[in-house]
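Each remark here refers to the structure printed beneath this line.
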């Protein structure tokens with residue numbers, strides 16, 4: 001079945017390392033099918049099994065070196081891993097990045113080699129203290145607990161006495177994340193901008209192919225990349241269902257946008273904020289057409305209010321909230337269902353007066369930035385990681 005799938009897979013020639021990407025995707029799909037079988041037999045939840053396999057073979061202990069000190073800590077009840085470079089010369093304070101890992105709110109860990117490697121390289125390259133947040137995952141918890149974990153850990157770190165403990169400059173802190181971690185980073189940054197009691201706020205936010213909306217699963221990038229390896233559209237919809245504690249029976253309703261049809265009153269006020277026909281450039285829109293059902297299922301948003309909750313869907317934020325966001329970097333990949341999420345957020349932030357850098361990669365795919373170590377070493381990973389770190393170095 002996998003062989004037949006890849007024969008007909010519309011993989012663009014522009015994707016870097018295409019056969020390596022297909023091998024990675026085939027491996028992941030095979031493991032997923034095994035986990036779903038275990039779920040079907042009612043032995044365990046498939047996400048628990050999948051994450052167990054990922055972390056069993058890939059989890060690293062906090063091993064420091066001469067270049068980077070790595071320690072595990074707890075910030076306001078939330079586990080974190082802290083990467084600290086040694087002091088250089090007469091330097092007294094360092095800049096810092098709070099990093100939130102991806103994985104569909106359900107997979108991976110701050111302690112896996114992929115994210116451990118990324119955060120170590122960031123700490124070394126930027127001479128910065130990197131705090132990697134180990135938030136709780138689906139199915140142990142669902143929205144809004146992942147958001148609350150990320151917010152609590154970040155607010156704890158931003159306390160002046162904690163920053164002093166780690167020798168961090170309060171005026172040079174960024175919050176960042178990839179994929180679902182980019183979702184959490186954006187949501188946390190929005191909340192921090194509203195907290196009048198907060199003495200320290202991030203100078204920057206850097207979002208790596210972030211997932212920012214569950215309103216429209218038929219944006220041009222969702223249509224263009226619906227069967228793209230690593231993150232096809234149906235997988236992203238299932239991640240959303242798991243995150244907001246929904247039922248897989250709703251997957252088709254979401255896929256055809258029945259949850260935000262024109263007769264769904266609660267969705268009407270948000271429609272203009274996600275109008276991709278006005279927010280995307282022609283090179284992204286191509287010849288795709290909007291999918292807006294005249295009548296749909298209003299009960300879906302009643303049962304799952306998180307679909308329209310700005311803490312879960314940062315792209316739904318109002319203009320006043322967006323205007324309070326710090327200088328922003330958004331990295332997008334052409335071969336990614338989430339490309340337009342990031343591009344629309346960048347456009348809305350820019351219209352709200354926020355300085356924005358949209359860093360788009362035509363030959364890259366979702367998740368590529370963490371794949372830089374053999375055997376999952378992609379040129380796309382090194383390319384995107386270097387561009388991301390370069391922007392942080394120049395702006396933080």
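A Cβ is built for glycine as well, from the same backbone N, Cα and C atoms used for every other residue.
The active site annotation in TrEMBL covers 179, 336, 366. Marked as domain 'Alpha/beta hydrolase fold-3' by TrEMBL: 97-255, 309-369.
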Rounded to a whole number of Å, the separation of the Cα atoms of residue 366 (active site) and residue 336 (active site) comes to 5
Rounding to whole Å, the Cα atoms of residue 336 (active site) and residue 179 (active site) are apart by 11
Using a 10 Å radius on the Cβ of residue 179 (active site), the other Cβ atoms enclosed count 29
Students should find that the Cβ of residue 366 (active site) has, within 10 Å, a number of other Cβ atoms equal to 26
